[in-house]
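S.K.: Positions annotated as ATP binding site by Swiss-Prot: Pro32, Asn33, Gly34, Cys35, Gly36, Lys37, Ser38, Asn39. Annotation source Swiss-Prot lists coiled coil at 170-205, 239-504, 694-1054, citing sequence analysis.
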Amino acid sequence: MRLSKLKLAGFKTFVDPTTVLTPGNLVGVVGPNGCGKSNIIDAVRWVLGETRASALRGESMQDVIFNGSTTRKPVSRASVELVFDNAEGRAAGQWSRYAEISVKRVLDRSGESTYYINNVHVRRKDVIDLFLGTGLGPRAYAIIEQGMISRIIEARPEEIRGFLEEAAGVTKYRERRKETEGRLRDARDNLARLDDIRMELGERIVHLEAQAAVAARYRELDAAHVEKQQLLWLVKRNEARAEQARVAASLNEASSRIEADSARLQELETSVESRRDAHFEASEAVHVAQNDLFAASAEVARLETELQHLGEARRRLEARLAQLELDRGHWSSRRETLAADRARWQELAENAALRAEHAEARHLEIADRLPELDSSRQGADATMAAARRELAQTEQQLRVEETKRASALRALEALQQRRGRLEGERGGIVGPDERVLAEREARLEALQDELEVHQQELAAAQPRLPDAQAALKAALEHERAVQRRLTELRARRDALMQLQARVQSQGKLGDWLERHGLDQLPPLWKQLQVAAGWDEAVQAVLRERLAALTSPDPALALAAARTVLDETPPESLAIALPARSGAPAERANCAQGPLSPQGRVTVATTATESSTAIATDVAPAVLALAGLVEVRDPALRALVDDFLAGAWAVERLEDWLPLRAQLAPSTCLVGPRGQVLTRDALVHHAPDARTHGVIERQREIEGLSAELQAHEDEAHLAHDALVVAESAASALQERINGLRRELQTIQAQVHAEQVEVLKLAQARARAQERREQLARDLEDIVHLESAEREHLTRAELEQARAAELAELQRERLDAATEVLREREHAVREARALEQSAARELQEARFSERECAGKLEDIARNQQLAGEQLERVVAELAARAAELDATDDHRSAEALQEALALRGRREAALAARRDALAEAAAALKQVEELRLRTEHEAAPIRARVAELRLALQAAELAVAQFEERLVEARADEAALAPLLAAEPKESTLQREVARLAREIAELGAVNMAALDELTTASERKGYLDAQTEDLLQAIDTLEDAIRRIDRETREQLQDTYNTVNRQFGALFPQLFGGGRAELVLTGEEILDAGIQIVAQPPGKKNASIHLLSGGEKALTAIALVFSMFQLNPAPFCMLDEVDAPLDDTNTERYANMVKRMSAQTQFIFISHSKITMEFAQQLVGVTMQEQGVSRVVEVDIEEALRLADPAAA
C-alpha cells in the first residue's frame, strides 16, 4: 500500500475541502512558519485513531475542528480521509481485494467520532487492525512529528522496545496475548472464587457431619437428663416438706428464750450511756493538749530546716567561686592564641594579592592577541563557505533537475498503472439485485404490520394484569387470615382437650381403673353444662363427686362400686349410683326453699325463673343450684339433683349473713365464687387441683368446636376464591408472556430485515458512488499525464548546464579549505595559553578571599573572648559578696526557745491522757458486761433467724419444686418405681450435672444437619465439576500464551538482530564513521528494555545524552531508518526532522531518505533548501487568508530560490 492522496475538510486551519496529491515516493511539504504544514501530520495521526488531544497539540478533541477566524465562522465538523493505492493487495483481511482503500474519520461538535473504510462505517479498532504490524498507527514510528526525534532518542528502554515490536510486526501478537491474558485472569479469578467456596463448603460438610452425630447424642442425653431432673425435683420436694415441719417446732422453742434476755439488756444500755458522756469530756481535753503540742513541734521543725538550707547555700557559693576562677584563666589564654593566629593569616593574605596581580597581567597580554588571530580565521572561513555554497547550489540544482526528471518518469508510469487499475475496477463493480431488494422491502412492510397488531394486543392485555394480581393478592391474604384463625382455634381447642385428658387420666388411679376395666366410665363433669358464672359454686358443692365415674346403667354403676369395696383404689375415687325412683320428690322438696316455715322466700327452680323471682320482705330471692345445671344424659338428671339437693345459689352472701339462723337444717347457700353459708358457718373451699376448671374448660371446648366448624366452611370458600383468582391471573400473565415472546420474535425478524434492506441499499449507493468516483479519477489522470511530460523535457535541459558549472566550483573550494585549516590551528594554540593564565588568576584570587575570611573569623573570636572574660570577673565579685552576707546565729537561738516550749506542752498532754484512760476503763467495764449479755443472747437470736430463714427456705423449696414438676408435666406415678428405690439426692445431683455437662459440651446442636449435609454435598459435586472445567481452560490458555510468547520471542529476536545490524551500518553512513548498536537491558527480550549506544567519530561518550542536538537527531534517524528497512511502512511522514542539522549532515540525511524511498513513500516537511532539492514533488501550504490554510502548486526552482536567503 502507498498513500495516493489526503483529503481534509474543517480540520484545524484547513477549513475548505482540500486534497493533497502524493503520487511520488519523495513528497516535500513547504511553506512559511505558522501556515499549517504540521496540521497535515496531525491529520494523518488523527485519522489513524489518535485519541489524545495533547498529541494533536490541543486541550480537547473538539480543538481539531476549525474554530473560526476574523473572516470565517466556525464549522460544525471535521473530516480527514486517506486514500491508499492497494494494487499489490497488501491490506489486511477483507480489504485486500480492493484496488483502492480509503480510511476516513469524521468528528462533530458533540465529540463523537465515526470511522469509515471505503465508506463503510467501522469501529476505531477496525482501523487500527487494518494497519497493525505495518508501522502505521497513531503512535507508531512511521510518523515523526516535531520534537519526536529527540523523544525517540531519549525514550525509556521500554518505549524503544515498543518501536522495535512495531517494526517486527508483533503488536498483533501482543493484542492476542493481552486478550488471552484477560481471559486467563478471569478464569483464575473464577477458579480462586470456586476454591474459596469449595474450601468453605468442605469445611461446612465436615462440620455438618459432626453436627449430625451430635444431634443423635443430644436426643439420647436430653431424655435421660429430663428423667433424672424430674426425679431429683421429686426427692427434693419430699425432703423439703419434712424439713419444714422440723424447723417450725424448733422456732417456737427459741422465741420464748429471746424475750427474757431483752429485758436485762435494756438496763445495761442506760449505764453505758452515762459512762460514755464522761469519756467524751476527757477525750476533748486530750485533743486540745495534743493540738498545742503539734504547733510547738511544727515550729521546731521549721527552724531546723531553715538552718540546713543556710548551710547548703554557703557550700554552693564556694563551689561557684572556684569554677569562675578557672573560667577567667581559660578566656585569658584564648585571647593570646587568637592574636598569634591573626598575624600568621595577615602574612598569607599579602602573598596571595601579589600572585593575583602577576597572573592578571599575563592573562591580559594573551587576550589582546586573540582578536587578530580570530579575525584572520573568520576571513578564511567566509571564503570557504562562499565557495561551498556556490558548489552546493550548483550540485543542488543538478540533483533537482535529476529528481524532476526521475519524478516525472515515475509519475507517468504510476499514472498509467493507476489508470489501468481504475479501469479494471470500474468494469468489475457489480451492484445488488434490484428484485431481491424489492422482495426484502415488501417482507419488511408485512412484518411491521404484524408487529403493530401484536403491540396493540399487548397494550390491551397489560392494563388488566394489575387488577387480576390485586384480586389474587386479596384472595390469598383472606385465605391466609382464615387459615391463621383456624390454626389458632385448633391449637386452643387441642390444648384444652389435652388438659381435660390429663385430668381424666388421674395419675396412679388411671392404671388401677384400667386394670379393673373402669377407665371407660366418663367422669361426672363431662355430663354437666353449668350456667355461666356458677362454675365455682357447683364445684364447691360437688367437690370430689365432680370426678365421680358415671353410667346411665344402674347395674354397671353398682358393679363398679363393688369393685371399689373389694379392692381399695390408690387414690380418692367416687362412683355415682343413680337412684331408680324418688327423684321427682326430691326436686319438689328443693322447691320449698332454704328457710324454716317462719321465713319463706320466693324460689326459682330454673335460671329463667330466677331472673323474675321476687324476694319476700323476710329474705332475698334464691335459686336452686340444681336448676343452673343441665345434664347431657337424661338418665343422670336425678343423680345430679340428689348431689345438689339442699344447695341454693344466691348473688350476695352478705345479705344472708343476718338470716343464717333461719336456714333449714342440711341446707346451704352458695355464692358465685364458691363460698358456702350454712346455719353454723361460712366455708370457703380451695379449688381441687385435679378438677378445678374442668367445667369451664369443657364449655369453652364446645364453643371452640362450634366456631371451628364455621371457620372451616369459610376456609373452603376462601380457597375456592383463591383458585379462581389464581387461574384468572395465571391465564392473563401467560397470554401477556406469549404476546411478548411473539413480539420479540417479530421484532428480531423486523430488525434482521431492516439490516438486510439497509445493506442492499448501501451496497447499491456505494457501487454508484464508486463508479462516479472512478470516472472523476480517470479524468484527473489524463490531465496529470500531460503536465508530467512537460516537466520531463524541461528537467533534462537544465541538468546538462548545471554539471559543467559544478566542476569549476569544486577546485576553488579545495584551496579555501587548506587556508582555513592553518589559521584554525593558530587560534587553538592561543586559546590554550589564555585558559592557562585564567586558571592561575582564579586560584590566586581564591586564596586571597580565603585569607580575608579567616581574618574576619579571628576578629570575631577575639571580641567574644574579651566579652566572656569581663563577664566572669563581674560574676566572681558578686558571688564573693553574697558569701559574706550569709549568717545562721539568729536561727540557732530561736530553735532553743522552741524546744523548751515543746517540753512543757508534752507534760500537760501526758496528764490529760491519764484522766482519759481512767474514764475509758470505767466505760469498758460496763460495755463488757453489756456485750457479754448480748453475746449470750446472740446465739439464740441467730438461731431464731436461722430457723425463720430455714422455714422460709423449706416453704420456697416445696413451692419451687412443686412448680417445676407441674411445668415439666412430670408423671409422679411413672416416677414412683424409681422413687421407691430411695435414691440419694447427691447421686441424682451428680447424674443431672453429668448429663447437663455432657449436653453443654455438645454445644449448639443443629437438628437439621442431615438435610443441610445432603444439599451441601450435591453443591460440592457441582463445584468440583466446574473446577475441572476451569483447570482445563486455564491449561489451554497458558499453552496459547506460551505459543504466542515463543513465536513473539523468535520474531522479535530476529528483528532485534536485523535492526541492530542495519543500525550499525546506517550510523557510519550518516556520521561519516563511528559506531552504534542496540543493547538489551535484560536477558528476556519480551520484557527487557533496549538502550541505544552511539559514538560519533572520535568520541568515546558513555551515554547518548552527552551528544549534541544534531548528533541525537542523526542517531534517531538512523534507528528509524533501520526499522524501515526491516518492515517498510506504507509511507513515512517527517516533520522538520532536519531542523537541528547543519548542511553536511542535512545532505547525508537527504541521501539516506532518497535511498529509502525505493521501498517506502516519504512525505516530509522542511525549510532546508538541501532537503527540498531531493523532493520528487513539492506541496506548498500558504495562509494568505488569516487562519485559513491552502495547498498550492510549487515550482521546485522557485522554492529553492525562496529557501536560500543569499540568493534573494
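Cβ coordinates are placed from backbone N, Cα and C, and glycine is handled just like the others.
What you see is a predicted model, and the numbers here were worked out from it, not measured in a lab.
Describe the structural context of these features.
M.R.: DSSP assigns Lys37 (ATP binding site) to a helix in the three-state reduction.
Within the chain carrying the coiled coil (170-205), a Cβ under 8 angstroms from the stretch's Cβ atoms is held by residues 129, 132-133, 1013, 1016-1017, 1019-1020, 1023-1024, 1026-1027, 1030-1031, 1033-1034, 1037-1038, 1040-1041, 1044-1045, 1047-1048, 1051-1052, 1055, all 6 or more beyond its ends.
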S.K.: For Asn39 (ATP binding site), list the number of other Cβ atoms lying within 10 Å of its Cβ atom.
M.R.: 20
S.K.: Determine the most Cβ-crowded residue among the binding-site residues Asn33, Ser38, using a 10 Å radius around each Cβ and all protein chains in the structure.
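M.R.: When each Cβ's neighbours within 10 Å are tallied, Ser38 tops the list.
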S.K.: By the DSSP assignment reduced to helix, strand and coil, which category contains Pro32 (ATP binding site)?
M.R.: coil
S.K.: Determine the mean pLDDT over the coiled coil (694-1054), rounding to the nearest whole number.
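M.R.: When the pLDDT values over the coiled coil (694-1054) are averaged, the result is 79.
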S.K.: Can you list, in sequence order, the residues of the same chain other than Pro32, Asn33, Gly34, Cys35, Gly36, Lys37, Ser38, Asn39 whose CB lies within 8 Å of the CB centroid of the ATP site?
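M.R.: Nearby residues not in the site list: Thr13, Gly31, Val1181, Met1183, Ser1189.
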S.K.: Would you pick out, from the binding-site residues Pro32, Gly34, Gly36, the residue whose Cβ has the largest number of other Cβ atoms within 10 Å?
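M.R.: Its Cβ has the most other Cβ atoms within 10 Å: Gly36.
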S.K.: State the count of C-beta atoms found within 10 angstroms of the C-beta of Cys35 (ATP binding site), not counting that atom itself.
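M.R.: Cys35 (ATP binding site): 19 neighbouring Cβ atoms within 10 Å.
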